[in-house]
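Just below is one structure, and these are the notes that go with it.
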Amino acid sequence: MTEDGRRLFLAYNVRSYGVSPRAWLSPQLTGREIFTADYWSRITRLAEKGLFDAVFAGDSSQFLGFNRIDIDGVDRFVAWASVVPHTERIGVIVTASTTYNDPYRLAERLLSLDLLSDGRVSWNLVTTFAEDAAANFGLARHPERGLRYRRAEEFAEVVVGLWDSAGDGPAVAHRGENFTVSGRLPLPRSPQGRPPIIRASSSDEGRRLAGRLAAAVFDSALTVTEAQERYRKVKSDARDAGRDPADLAYLPGLRIVLASTTAEAKARVDELFTQDPITRSEHESWFGGLIGANVADLDPDKPIPATVLEAATAAATADRDHLRASTLRVLADGPQIPLSEHLLRTRYLSGGHGTFVGAPEHLADRMEHWFRSYAADGFVIAPDLVTETLPILVEEVVPLLQRRGIYKHEYAASTLAGHFRAAAGRLSEVSA
Amino acid sequence: MGKRHGRHIHLGLWLTFLDAADWRNPDSRAEELNSLAPYVEVAEIGERAKLDALIRGDGLGLPLPSPDQAYAGSLEILTLLAALAARTEKIGLIGTASTTFTEPYNLARTLATLDHISNGRVGWNIVTSVAGEEQFGYDQIPGHEERYERADEFIEVVSKLWASWESDAVLVDRENGVFFDPKKINRIDHHGKHFHVAGPLNIARPPQGRPVFVQAGDSDRGRNFAAEHAELVFTAQRDLEKAQAFYRDVKERVKRQGRDESRVSILPGLVVTIGATEAEARELHDQFLARIDYERTRTSLEALLGGIDLSDIDLDEQVPEERLPEAATLTRQPGRAQIFVDLAKEKGATLRQLLQALGTAHGHGRVFGTPRQVADHIERWAEAGAADGFAISPAQGLAGARLFADEVVPILQDRGVFRREYTGSTLRDHFGLWPVS
């Protein structure tokens, strides 16, 4: 434990077989594992052995296309419910959209899974970013961001009201802009009080909801300075809402390519980039989107024109797209290198998430540095290869973190809410 | 082998563990109503006895053997079944989900995933819901006809979604680096009265092609719906002759739809009380009747019969005919209401008898006796063309489920009318259903 009693929170992002589009090609896999209960429980049991606080998976309400098996369509409730009987302490984080669900149904499903797991469930509240999902739900178009966020706030109010009605709490009588719901959930109260809510956004609108209702914020931050700034904002949101900042954990995502040596890890990324034409073209298309220009139109041997970067930064600022803005800042502040070199380097940027490519010792350094500098209360770790990476984390990285006094030696709590509380730092401990 | 078309009797087990009338008993484990452990025990009992399936109703939909559905617990069914799938290997998992209060895309995903992780053991009990409008923002529940109309289109949409991936769309072709075959995953572009869904689904076709379709609607509209869609039909039947008539009628309607009626199984519910001797079983049954909360059950009956008032009727009087509704006109559960109207009109049942029928079995058949007598009853109904099997609801809770598995099932096995081992691995296999093309 650290001097101030904080403990690093770790969640493992089981993004199908991994973030890498070639993850399914691993010789350890048949490629059909995601459809089996065994896969999900095998990963989760191993993560539990490494005292991970939770497993996590994102979600999507549409078919993402033929080159995307990184976010599969496996129903998250079903997958995590099948894991629960085979585990005891590790939490499960269910991602569910407020745009394409109904609040009563979702409140019922989350509380049911929470009861079945004796208090190990958390809801990762998303509003769905992908536009094509609308066509699967009878909508002419995906609701714009403002509408989605308003609906999300009302949705969360209703869900929390229903959770509070459980046991012998007061019945809900809600009539709002999006929902009319009355009644109670005929279930016992959650062993956690309420299943903790995670808000995966640090935009202003997302933060308001998080400050009032969430137990954790998932975020993406590229640099430690940026993360520290967000950490302080998130903690003040909790304080402003009359809550203890320690009740709101700040958890940036961390994409990792982990191997015994840095050279080996880098080679894995390079190989992916050079050998998988889809990865390369998707990356170029992502990079083009980031700088707001078609990569093929620019001279690969020259630096990105300043005008292009300025326009892109202005557009990102106008859209309040801080993820994009901060990535652009990293590009603008870096050395003036040719576009082709940028493309090679940004392989490691992973669309705005903090990225690590290297060996266990360095990963422990990276996490410890961020944790001790109040840039994070913990991390949501997304590996390029799920099955290859987890044993290294459990057997090599976790012992390093334990020796450095920032990671637990046993679970201190039996609920996921307890795991969150053990991790989150207070605002007063942050030097401004 | 049994004599009925050379096929076995099918037995489902209601996934409940409490004796509804006896939950106050100190060892009833009522505290565990909404936790996993007792359901795992029921599932293990059912699987050990090689039963076809576990069956779980819904607080919003299918009535359970108790008038107060709270005794059945309120855990969301498909999530509970997912947890049980991880603890069982062969037994089918039939869960209830409403076409009135869910989105087809979401439900198709959930059921497909459940079918995947259970290796093809899922049945979907399709309900249009008899309650729930307040939780889902309706001023009043849509009418019977409208609910069924939506259900028809709902089934069309989810079926298209399940078929939107051809069965060999997942290639995992390492050599060429191709995971999916793009030619075998297709949009559905459904545009109907109730739904607009583009598709494709975001998960591969489930192992059974789609879940087994299960339906429980005794009304005329419900029977037609079953004839068109259902592969298993649940029904509430108390009387052998009426059950035979229902059986003939539904099979006839199935045939008229151009479907093979021998591949549709009809399973009446059966509330079972088992004793070592007939006298003991009778005594247990009498105790069961004695524990009914008549006041509470009368309220349920009044609601079922369309909100009539029975407060001035003595328990041992008959309900005056003019108070009884025209069941077919009721919005909620007209088929179930009909059973009680018939009991009152045709059998001259007293209010007490009506309340006993509702309070112990919610209109389902009841049987009490020794294991042999219970087995006789099951076999007799099957031989008489009244049932292809039963959805068993043990009156004695978990202990009753054990008695049924350990005492009744072996008799049926010895008589050659029930399987000794699972011969297949999917729910479709257990019921001898056709694969989905």
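From the backbone N, Cα and C atoms, a Cβ is placed for every residue, glycine too.
Bear in mind that TrEMBL entries carry predicted annotations, made automatically and left uncurated.
Here TrEMBL flags A:33-373 as domain 'Luciferase-like'.
Annotation source TrEMBL lists FMN binding site at A:Asp59, A:Thr95, A:Tyr149, A:Ser202, A:Ser203. Annotation note: A:Tyr149 (FMN binding site) sits in a helical segment as assigned by DSSP. Cβ-based neighbour count (10 Å, all protein chains) for A:Tyr149 (FMN binding site) stands at 21.
Feature annotation from TrEMBL assigns region 'Disordered' to A:183-202. Panel annotation: around the region 'Disordered' (A:183-202), residues 93, 95, 104, 107-108, 110-112, 114-115, 118-119, 121-126, 156, 160, 162-167, 169, 171-172, 209-210, 213-219, 230, 233-234, 251, 322, 415-418, 420 of the same chain, lying at least six beyond its termini, place a Cβ under 8 Å from a Cβ of the stretch.
Around the Cβ of A:Ser203 (FMN binding site), the number of neighbouring Cβ atoms within 10 Å comes to 16. Within 10 Å of the C-beta of A:Asp59 (FMN binding site) we count 20 further C-beta atoms, all protein chains included. Proximity of A:Thr95 (FMN binding site) to non-local residues of its own chain (separation of 6 or more, Cβ distance below 8 Å) is seen for A:Phe56, A:Ala57, A:Gly58, A:Asp59, A:Arg76, A:Asn124, A:Val126, A:Ala200, given in sequence order. For the region 'Disordered' (A:183-202), the number of residues in each DSSP class (helix H, G, I; strand E, B; coil) is 0 helix, 6 strand, 14 coil.
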